[in-house]
Every structure is written in C-alpha cells, then in structure tokens.
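Undergrad: OK, TrEMBL features for this one:
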type	residues	note
BINDING	Lys55, Asp309	FAD binding site
BINDING	Gly178, Gly179, Gly180, Ser181, Val182, Gly183, Cys184, Glu185, Glu201, Gly268	NAD(+) binding site
DISULFID	Cys46-Cys51	disulfide bond
DOMAIN	10-321	domain 'FAD/NAD(P)-binding'
DOMAIN	344-445	domain 'Pyridine nucleotide-disulphide oxidoreductase dimerisation'
Amino acid sequence: MKNVETKVWDLLVVGGGSAGIVAAKTAVKLGASVLLAEHERPGGDCLWTGCVPSKSLLAAAHHRAGIRKSAALGVHAESVTVDFAAVRRHIDTAIRTIEPVDAPETLQAEGIHVVKGAVTFISDGKAAIGGDRVAYRQAVIATGASPIVPGIPGLRDFVTSETIWDLRDLPSRLLVLGGGSVGCELGQAFARLGSSVTLVEATDQILPAESPDAAAIIADSLRQDGVNILTGRALTEVTGNNPGVPGNTAVLADGTRVEFDQLLIAVGRRARTAKLGLEHVGVAVDEQGRIVVDRSMRTSNPRIWAAGDVTPLPQFTHTAGAFASIAASNAILGLRRKATTSAIPRVTFTDPEVASVGNTSAAHGTRQQTITHDHLDRAVTEDERRGFSRLHFDRKGRIVGATVVSPRAGETIGELTLAIRLGLRGRELAGTIHPYPTFSDGAWNAAIADTREQLNARSARRVIRGLTSARSMWLRLRPHRH
Ligand SMILES: Cc1cc2nc3c(=O)[nH]c(=O)nc-3n(C[C@H](O)[C@H](O)[C@H](O)COP(=O)(O)OP(=O)(O)OC[C@H]3O[C@@H](n4cnc5c(N)ncnc54)[C@H](O)[C@@H]3O)c2cc1C
C-alpha cells in the first residue's frame, strides 16, 4: 500500500461494480491516475448476484417451460426433469465466463490501481481504506444498493437476491415477497423449475411501474406457470420461521395464511452509504438515504461524484455504466456534461418480456397507438400471441415513449430508445423498412397506423376547410332576396 498512501490520486473510485468499473476505465483512458477500492470482489451485483445469475436461471426455466409448451406445436418430450445442481453449474459457468472482464488483473492491466478494502471518507481529499490513508483530487462513489429487509414480526430465516444463489436444493414451497421485476423474474423461474410459488405484492398490481395491461399479461403468464399471486395484501407476520425447521406460515393483512419452506424477500434495494463517512465530506443524501446528484452526477461536494444504484436514478446496469462514464469524465476534465434521462429503457425478463422506455403515461397532449400481437405474424408462427407494442407520441408526432410485451421485447426496445433519443417522428419509423416476420413489426405497425390516422385526420381537416370556405363564398355571392 506504500505508493497508494504517498500519492495524490486524480480519481478515487469507491466500489467496483458496474458503475465503479466504468468510472475507473473512463478516467484512466483520459490519462488520470485511478485508485479503485472494492471491499469484496470487482463485478458487483450485476455479475455475482443480479443480472447474470438471474438471466442464467431464467434461461434454464424458460427451456423447461418451452418443452412443456412444445406439445401445442406438435413436438412431444417423453419426460422432463430438472437437475438443480446442473442449473447451478450453468449459472456458475456464466459468471465465470464473464468474470475475467471485471477481474482485478484485467483492470490493473488497463492501468487502474485496484485495492481491496472498504472506503471511509475522513476529510475533503482524504480517505481511509482499511487501515491505510489515501489522498485524492476527485472521487466517484459507486457503492450500489443492498436488498431492503422489512421489519416483520417473526421474520428470521429468509433469502434475498444476494443469498438465494446459495440454495443447494430447489425450494419445494417458495414464498416471494414483492411483485416488482426481481420478484416476478425469480418467482417465474422457480415455478418453471418445479417449486410451488406464492407471490405476495402489497399494491394492487404486480410490476407496479408498468401499465396495467402489460402487468396483467405477466400475471396471466405467471398463473399459467402455477404461481399463486396475492396482490393488495401486505405480509404482517411470520410464524415458525426458524432456520432448518419446516412449517413456516406467512400471515397477510387480510388474515390469509400461506405455508412455505423458503421465503424470498424482494421489496426493493437501499443505497449502501453506511460507514462511508459522508458527513465528513458534506455529501448530502435524500430521505431514502440515496446520494443526491445533479444532472452532471456531482454531489453536494464539488469534488465528489456518484453513479449507479447509490443514487436516486433508475437502478440498472446500463444506467450505472452510462452515468458513471459521465461522472468520471466530468471529474477529470472539469466538464459539466449532463445525463439524459428521457430515454432510459427497462426490461423485465419474464416470459413474455416487458420492455418500456420514455414517457409511457397518458399525459396531456400525447397520444398513443397500440398493436396487439394476436395478429402479428411472427407471434402467430411462434404461438406467442400474448402481448402488444405501444408507442406514445407528442403533439408534433415525435415518439416519446414505448412499451413492448413479447418474447425478446428487450431486443425491440433498443430501436425505440434510439427513436426517442433522436426525437424521431412516428412517420420516420413508419418509413423505415423492418424485416418480416419479426416482433419488431409490432412497433413498426403502430407507427404506420398512427401515420395513417394523422394523414386521414389531416385530409379530413382539409376537406372540412374546403367545404367551409366554399360555403362562405357561396353565402357571400348568392343573390340577396329583398
Ligand atoms: C436479481 C437482480 C437482477 C437484476 N437484473 C438486472 C438486469 O437484468 N438488467 C439490469 O440492467 N440491471 C439488473 N439488476 C440491477 C443491477 O444489478 C444494478 O443496477 C447494478 O449492478 C448497479 O451497479 P452499481 O455499480 O451501482 O452497484 P453494485 O454492482 O452493487 O456495485 C457496488 C460495489 O461497491 C462495493 N462497495 C460497497 N461499499 C463499499 C465501500 N465502502 N468501499 C468499497 N467498496 C464498496 C460493493 O462490494 C459492490 O461491489 C438486477 C439486480 C438484481 C438484484
């Protein structure tokens, strides 16, 4: 740690997850000396406990469901079994395949100085990493977020998105608390692999951030997988919840009792700021403990920046990386480049997927066009007709939001994100030839339908204008009767 202690680093990066790694790589490419401190292992939530393991688990689960469904297409499988140990190995292989990109040696080879240890800020320009002191000119905080565990009476033995990957056996009765993206993805995955799943959501709709019709399709799909969905009911008490002892019961606000063997808590995540010493450097947090940043990713301390799940911005890997790059380049180059938040895509990787971007509310002055997939040719050929593509337009006909519910909707949303970012009008998307037959035909057809409607409305207006002026001319010219 000697040269770490004596040097003044251009940039101290706190946390080696998606945001921290991108911040460090950006700064080092700009010629800065960079110290990246990570108290566990680089890669963060996405690699170890988030995106990578959850999508690997879902891949296995969707294959199993696909085999079950294939009978409708004339393909019969004799017997289908799930080897959970092999599923775990698949997850592990995916992590190990991606891991080298984020490994300390790879980052060191790129010129980033990586140290293991938890950072605590001591004063402006000084921080402690373990027992060592470091000096920095600028810092980026990228410490991420941890699962929230609500204070429920009797709650003792449970797993979260961080610890569910340690399960050796498939739970036979899994209770999932929380119907957001994480709860729906993991609930569907375990149900498809063979667990009996109950999903409890306190609000009236699963996927509360999505439109009710999108959420309803996912709810139907989960029910078809055997998931028992209980919405509008909070978990108030757990009884018999002792490690290794069967016979757990969840008691809901309306008195419903649910027996379970394993409880997954997926009710959101809280910014990791404990022991960072933010009070020593004047970095403000909001009422939920998230580090407040302006649009240039600067905190209330002008030389400290933040990005990723530790901030109030949407909690995704793509936002963590994009905004960390802005934070680091602003810090090193003294710029105030601003983050754009109008076109941030989000995907729930259930089957079907739900992908949304931009302004999807029915705000005043916007209009929307929806194409359901029951007659979308690709959906028909794949027998995947549950779903829709919806575009939202502003007064000028620019695409401002989109929702797609379909297999691989996450792949379709990329082009719609670009359309929003570039301020494209619906007619420009309508005039762009799309390959046939694809699920992206849905959004294309929505754009074509809207363009036609607008043209019809315009010609109707022209005809009405023509008739009105002809009539007023006739009234002026007609012979007056006295
Ligand atoms: C189950 C699940 C599935 C997900 N799926 C997706 C998905 O499909 N797509 C998507 O875009 N997003 C997904 N996410 C969200 C995504 O994982 C996060 O948004 C992303 O990892 C955030 O990156 P980050 O760098 O802000 O935080 P993290 O990745 O959490 O990194 C923070 C790092 O900081 C370290 N750290 C914390 N405190 C200190 C300290 N004091 N000193 C030093 N180091 C410290 C931590 O050890 C950690 O490595 C998922 C999340 C979960 C839980």
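A Cβ is built for glycine as well, from the same backbone N, Cα and C atoms used for every other residue.
How about a rundown of where these features are and what they're close to?
TA: Secondary structure at Asp309 (FAD binding site), as computed by DSSP, is coil. Around the Cβ of Asp309 (FAD binding site), a 10 Å sphere holds 30 further Cβ atoms from the protein chains shown.
For Gly178 (NAD(+) binding site), the same-chain residues 6+ apart in sequence whose C-beta sits under 8 angstroms from its C-beta are Val200, Glu201, Ile265, Ala266, Val267, Gly268. When secondary structure is read from DSSP and collapsed to three states, Gly178 (NAD(+) binding site) falls in the coil class.
Cys46 (disulfide bond): 25 other CB atoms within 10 A of its CB, across all protein chains.
Summed and averaged per residue, pLDDT over the domain 'FAD/NAD(P)-binding' (10-321) gives 96.
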Undergrad: Looking only at Cys51, Val182, which of these recorded positions has the biggest number of Cβ atoms within 10 Å around its Cβ?
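TA: Top count of Cβ atoms within 10 Å goes to Val182.
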Undergrad: With the Cβ under 6 Å from ligand 1 as the test, give me the qualifying entries from the binding-site residues Gly178, Gly180, Cys184.
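TA: Not one meets the Cβ criterion.
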Undergrad: Can you break down the domain 'Pyridine nucleotide-disulphide oxidoreductase dimerisation' (344-445) into helix, strand and coil residue counts using DSSP?
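TA: With helix first, then strand, then coil, the domain 'Pyridine nucleotide-disulphide oxidoreductase dimerisation' (344-445) has 31 helix, 31 strand, 40 coil.
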Undergrad: Relative to the Cβ position of Lys55 (FAD binding site), how many further Cβ atoms are located within 10 Å?
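TA: There are 15 such Cβ atoms around Lys55 (FAD binding site).
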Undergrad: Applying a 10 Å Cβ distance cut-off over all chains shown, what neighbour count does Cys184 (NAD(+) binding site) have?
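TA: For Cys184 (NAD(+) binding site), the count of other Cβ atoms within 10 Å is 29.
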Undergrad: With Cys51 (disulfide bond) as the reference Cα, tell me which of the binding-site residues Gly180, Val182, Cys184, Asp309 is the closest one.
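TA: Closest by Cα: Val182.
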Undergrad: Given a separation of at least six residues and a C-beta threshold under 8 Å, show me what packs close to Gly180 (NAD(+) binding site) in the same chain.
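TA: Those within reach of Gly180 (NAD(+) binding site), by Cβ under 8 Å and sequence separation of 6 or more, are Ile206, Leu207, Pro208, Ala209, Ala266, Val267, Gly268.
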